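**Q** My questions all concern the structure below.
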Amino acid sequence: MESYCWPPKLEQYCTLDTSSGMQNSSSTASFSPNGSSVSLPNQSYLMGRRHSPDDTCGSPVSDSCVTDNEQDLSHMIRQLETAMLGTDSENFDIHSITGSGRSTGVSIESERWKYMMEMIARGDLRELLCACAKAIENKDMYMTDCLMTQLRQMVSVSGEPKQRLGAYMLEGLVARLASSGSSIYKALRCKEPASAELLSYMHILYEICPYFKFGYMSANGAIAEAMKDESRIHIIDFQIAQGSQWLTLIHALAARPGGPPSIRITGIDDSTSSYARGGGLEIVGQRLSKLAESCKVPFEFHAAAISGTEVQLEDLGIQPGEAIAVNFAMMLHHMPDESVGTQNHRDRLLRLAKGLSPKVVTLVEQEANTNTAPFVPRFLETMNHYLAVFESIDVSLPRDHKERINVEQHCLAREIVNIIACEGPERVERHELLGKWRSRFIMAGFKPHPLSSVVNSTIKTLLQSYCDKYTLEDRDGVLYLGWMNRAIVASCAWRC
């Protein structure tokens, strides 16, 4: 199956549900579901019980899972009073010093304490997560410690969608504090699923949610329409993964009136897909060639076993007389741009594609702004975007399904951690909204190629087999697939 894992290009496959640890400089981050603490330089943070598929915080988990009873809350208030106002806080009268120069500092601390305790008492998981992110941004370690202790009791990888997402977002915050986000994303040595297992998780995600099918079907529809009168077609796929996108297109072109065209596909690789399929691109070539032969379609596969950042014109195997289609399906957001460094591969690849004079270029991307947004807005955007994804998984896969946790951990969690924990070149998950992609394509010299009503109708038919909370919107020739009116994936086409 396709490499449907949302965080592609991983050298390692890490589940946060593991007993392994990771040493990073003077910091040690333990990511064990049964571990108990996270130690940071010069500060120890007791994180409470860890989440695991069988542990939902030691008691029924809900948004009010903050304290066991009012006595616990009173005890916590007393502890915070002592920490903030000193051991004599019982006899402390804040009004007695309102006229002194000490009043301002104490009043501020008192207000912070009151604000935090009111927030904890409300037990709003979303509010607490955002407050924790703000505390980290402000380097407020006391507030961060208190909030993380509470959050550990509220999140669960086997709970409601917001609790499950909260578990991975909290891991991202812990990793950011420990400055270990990159290490977790790239080099943490932990239990990896076998390649066949990872492929199975990707396949489950592909089947239970229509996001990837939507992207592939809409892109294929645009390519088929642009190539309807061509006899020699060359498709350049910048992340071919398992090659599954092209199975339906080969079938469709085989049935074309007047006979099928000859098809060449150039497939560019990525490390996640290579691991999942358990071998090189020759596996993809053999699979597609076998199908084309059964459909009596002249076919040739050209493998380019390099990453997108390495692709040059000579790697694409261009031949005279071909009608070229370029496919960017959920891969451009991994390319660094001008905000990361001098190597702006995101725009470089678009200029490279423009130089090929293609008949059509297809773009499929997640509709989220996690590229240049500052940390706290990026954290909030990640929460909103992925909550919709987790909710959509929830209606398709029961919470007690044995594979659901594996699907979310191996196909979603690592991306979430990377967005939250990493900065600079180490943050490789950099989504942009369609408006920004439009600016990039126009700057590269492309013009919009609106998706047709036929493509729109095909996607509507696809969605009939899924939950009615999925939405489809056509704005200016761009298709947006959403969950409860929040756009999740955008698909569009471009021409020279």
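Here the Cβ of each residue, glycine as well, is placed from N, Cα and C on the backbone.
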**Q** Which residue range, 133-137, 233-237, 443-447, is the one TrEMBL calls motif 'VHIID'?
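**A** Residues 233-237 are the ones TrEMBL records as motif 'VHIID'.
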**Q** Choose the correct range: of 19-41, 42-64, 341-363, which one does TrEMBL annotate as region 'Disordered'? Give that range.
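**A** Checked against TrEMBL: region 'Disordered' maps to 42-64.
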**Q** Please list the DSSP helix, strand and coil residue counts for the region 'Leucine repeat I (LRI)' (123-183).
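**A** Here the numbers are 47 helix, 0 strand, 14 coil.
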